[in-house]
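Taken from TrEMBL as is:
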- A:17-56: DNA-binding region (DNA_BIND)
- A:80-181: domain 'CoA-binding' (DOMAIN)
- A:Gly91, A:Val92, A:Gly93, A:Asn94, A:Leu95, A:Gly96: NAD(+) binding site (BINDING)
2 protein chains.
Amino acid sequence: MTEERKISMAVIRRLPRYYRYLGELLDNGVTKISSRELSEKMKVTASQIRQDLNNFGGFGQQGYGYNVEYLHKEIAKILGLDKTHTMIIVGVGNLGQALANYPSFSKRGFNLIGLFDINPRLIGMSMRGIEVMDIDKMEDFVKTNKVDIAILTMPKTRVKETAENLAKWGVKGLWNFSPVDLFLPEHVHVENVHLSHSLMTLAYKINEAEELDNGNDYKPF
Amino acid sequence: MTEERKISMAVIRRLPRYYRYLGELLDNGVTKISSRELSEKMKVTASQIRQDLNNFGGFGQQGYGYNVEYLHKEIAKILGLDKTHTMIIVGVGNLGQALANYPSFSKRGFNLIGLFDINPRLIGMSMRGIEVMDIDKMEDFVKTNKVDIAILTMPKTRVKETAENLAKWGVKGLWNFSPVDLFLPEHVHVENVHLSHSLMTLAYKINEAEELDNGNDYKPF
């Protein structure tokens, strides 16, 4: 990929939202849409939409708008959703189980193939037809099966070591739900979901609005 | 808040991470730290750290560094973590249960006071000492109790209507886990956790790296 073509992660992070809206349009039988109409639906400026989508060579035709199905497919390709990905979940507590039962993942080609935990009460249980295995068996499993993504929903104390092992064993991506930052070799990709960060940001928004209402302000000193 | 003081959301979104690192330093008995040391730990440039923290008047002293406890407290204040927030969960499926059992929320002053669902098999069950109530009782509950935050972990088909009602009934913030964008009155703050967006971004990173390895490139046309 040449330097000029390198798409910023800010744009990439907006693509899933375009993908979602286009999917809904498709479901509703809409075959074409202008950037203006899409702009009204998504509450994003039409110029932002054109700019974002121009990154990929532009899919729109002047005076016609976007072909919804085509654009939806192309975004899927860019995101790699035209391929399937195998996933394992490491840590099958409440959150791990919630993710194991997420119906939309498999619809998009993310196929769960293994569940691992350390807790003897969970080992041997079956979820979505997959048996929870002892974490001791994970090395063998990962080395034998092609595992693309490991979902880390385990206690934070063991995350660093586990992530390093998974990287060594050939997992390509880690979806990390622990409040721990992972610094790993470049060939392993990490995406963090720090739930408490998100909740704190919400608290900030609420708090800031109240301070303004009260005529207060954060006072630097 | 004067225009000059307005802190960008980009900075705000970085604060929870500072807060987490400072909390860990505190737990380890560290009382002061330089921006350089913090930079090495967090893998962020020291100048970014100084810039971010200068937004709040600056907490560092030349040649001394940051007072960890003080900085930790001040960031907590900025984020509104010095106050308590009441929360309800709307939709107590797998994800709702996972969040209900998240231990770190209550530690930070986010207190769960209500659980609601539509499913008769869940209504009446108790989680963390709180009984799951019929969603029909939510209006009364929200109007009677001061509810700061509603966590939306319900099916997406009913999210929009529920969010609009909660806003009308006085809830200040919505933590939305559904793949739906909520456009609400300004006094209601929304923070989205779009899990599938995050997973797609991870897929992109994996896919992009593989395309590069294969000497391929995304071909605009």
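Placement of Cβ uses the backbone N, Cα and C atoms for every residue, glycine included.
Feature annotations (TrEMBL) mapped to structure.
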{"residue": "A:Gly91", "record": "NAD(+) binding site", "Cβ within 10 Å": "26"}
{"residue": "A:Val92", "record": "NAD(+) binding site", "Cβ within 10 Å": "25"}
{"residue": "A:Gly93", "record": "NAD(+) binding site", "Cβ within 10 Å": "16"}
{"residue": "A:Asn94", "record": "NAD(+) binding site", "Cβ within 10 Å": "18"}
{"residue": "A:Leu95", "record": "NAD(+) binding site", "Cβ within 10 Å": "24"}
{"residue": "A:Gly96", "record": "NAD(+) binding site", "Cβ within 10 Å": "25"}
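Remote same-chain residues near the DNA-binding region (A:17-56) are listed as 7, 11, 64-69, 71-72, 74-76, 78-79, 81 (criterion: CB distance under 8 Å, separation of at least six residues from the stretch ends). Within the model, the domain 'CoA-binding' (A:80-181) shows a mean pLDDT value of 95, rounded to a whole number. Here the binding-site residues are A:Gly91, A:Val92, A:Asn94, A:Leu95, and the ones sitting under 8 angstroms from chain B, going by CB atoms, are A:Asn94, A:Leu95. Under the DSSP three-state reduction, A:Gly93 (NAD(+) binding site) is assigned to coil, being neither helix nor strand.
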